Amino acid sequence: MDKSSYKLLSKLVSIALILALVSCGRAEQTTAPTNGADDTSTATNQEASSAAESTEGEAAETVPVTPPVASSNEAAAPPPAASPVALAKQDCGQLATQQEMNQCAAENYAVSDKALNDVYQEVKQGLNEASKDLLTRAEERWLVFRDAECTFESDRFAGGSIAPLIQASCMEQITDNRIAELRQTITAETDFAAADAELNEVYQAVQALADGDAGEALTDVQLSWLDYRDAHCEYEANLPSAGDVKACLAAITETRVWQLEALQEEWSL
């Protein structure tokens, strides 16, 4: 699906939701660091610490494993997604207070961020100038997508003590995915046409769960993801070891399907 299709889809979903609300006689009203691609570190140890410090001054509360009631701003932390890379990290879910979990998530993200910087520089050193330029462009577009996605996910919990945890966990997961992509260890389980069809289906499902502002934000995130996906696969297609570009598109699309499925499950609760 191209950018114009996502924009049209977003408008159609919005119109459908408006008509549904009118028929019921009621209408509910329900950024990102700028980094150069040569330095993909967007949350240095200092920035990582600031994420945890945003909850300083709050009384430390013991967070039950299964809280009896959770508001939208104080929802229980989502279970960690399986990482595509092996890095030594902490189990934040075993900690007692929200502040401790926020700090833990920030530290885990810092580990991923450093690993990505190392892999990026290592990969870049072995490229010719044309491939370096393509990698730089892909990395810049990945940064835009990463920041847009994680801001989108954490905005739902804006003002809540869990927001730093959501932000850092999102950054960690997407960074780990990027490491695997640069190492070329991600392979698609299906072809591009099937992966794209699955993506369209889950994207529509998430849009149907979003209100007006969230729906528009999701469209913007998806457009930034398309830019990043296309730039990365163009980079891969120009490598000496390049395979079928559709295999690259399929692999990155499958990863996006999993991300949106996680959002769909969370928003359906």
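Cβ atoms are placed via backbone N, Cα and C, with glycine included.
Small disclaimer: the values here were computed from a predicted structure and weren't measured.
The annotation signal peptide is assigned in TrEMBL to 1-27.
If you look up TrEMBL, you'll see 30-39 marked as compositional bias 'Polar residues'.
Taken from TrEMBL, the feature region 'Disordered' covers 30-83.
Under the heading compositional bias 'Low complexity', TrEMBL lists 40-54.
Feature annotation from TrEMBL assigns domain 'Lysozyme inhibitor LprI-like N-terminal' to 96-182 (among others). Remark: secondary structure over the domain 'Lysozyme inhibitor LprI-like N-terminal' (96-182) totals 75 helix, 1 strand, 11 coil, with classes taken from DSSP.
Residues or ranges marked as domain 'Lysozyme inhibitor LprI-like N-terminal' by TrEMBL: 186-260 (among others). Secondary structure of the domain 'Lysozyme inhibitor LprI-like N-terminal' (186-260) per DSSP (helix as H, G, I; strand as E, B; remaining residues coil): 60 helix, 0 strand, 15 coil.
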